[in-house]
Amino acid sequence: AMEAQIQNFGQTPSQLLIEPHPPRSSAMHLCFLPQSPLMFKDQMQQDVIMVLKFPSNSPVTHVAANTLPHLTIPAVVTVTCSRLFAVNRWHNTVGLRGAPGYSLDQAHHLPIEMDPLIANNSGVNKRQITDLVDQSIQINAHCFVVTADNRYILICGFWDKSFRVYSTETGKLTQIVFGHWDVVTCLARSESYIGGDCYIVSGSRDATLLLWYWSGRHHIIGDNPNSSDYPAPRAVLTGHDHEVVCVSVCAELGLVISGAKEGPCLVHTITGDLLRALEGPENCLFPRLISVSSEGHCIIYYERGRFSNFSINGKLLAQMEINDSTRAILLSSDGQNLVTGGDNGVVEVWQACDFKQLYIYPGCDAGIRAMDLSHDQR
């Protein structure tokens, strides 16, 4: 009877998983605001609402907009190539008409306030990270990660093969994390759960990636504050032949997608198993930027203006070529819209599924190196 049951209905294992499921909807999805981008819904607001000019002459290479209203400091954190960072306060005034916290007299206020320490040049040394970076590293947006509460910046590229955690309030070094055999070239973080926990992935010249756990309660990498000097990675991800240059991690799907200097992009689970390689069209050999939506669409930008959109099963869904050297790509929170920016200084919005162009913003004075969307998708 048992064999007949197995033949007809299959077998049920006693236990599939040993770790609890990550929550399906991360903290980012719980905001009351609609998920569709407001980027170009309301054209009454001009395309450029405000311009912040930083006194440092170094290009801004990383932007993180953690602007959820319940954070202690909703802010836009910027980092320049000279590793000068700024915590620019965000005023949740430019909300939806009729949304909570929106009033007409506030609508004329500017959304971002420049970091006072940088504006009046008083505490610039507090915001400057002086530790030596390996000379061969090109500082770009992948070298930095800002935690979801805006309180810590993770930076890689140091000559001692570490990446480091700095406090944005004090500018002091709070943790040094070792684990790679060569210089760490890129960092990425997953969506955060409600306690602020998330995954951090570091990619290196040694052609491997390490998956770490960021504890939102202790504000360190690793679960145990006592052993914060030598935290152990959750997983080692192998399979690349060259130095890793870009990586994206999605905790909701439990996937890490990474690209090396040459070759296909690889999809790993967060336990470290290699699932598949994403083979691009024949001229797409040099991946540079990756963005993954929680729906399982994976957008990869290759050198010389080529974009591919893969399903999570490795099927090539769409591709396009543009004549701009793109430096930043971003998916809206519902995964429907792709925002790109590059050396031409133009921000463009595309439909993610088929790369249909939806909108072009007016050009900037210089090339675009980094972008982020606020919590209300602006």
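Glycine too: its Cβ is placed from the backbone N, Cα and C atoms.
Of all ranges given (1-20, 41-60, 201-220), TrEMBL attaches the label region 'Disordered' to 1-20. Within the model, the domain 'BEACH' (1-24) shows a mean pLDDT value of 78, rounded to a whole number. Each residue in the region 'Disordered' (1-20) gets a DSSP state, and the totals come to 8 helix, 0 strand, 12 coil.
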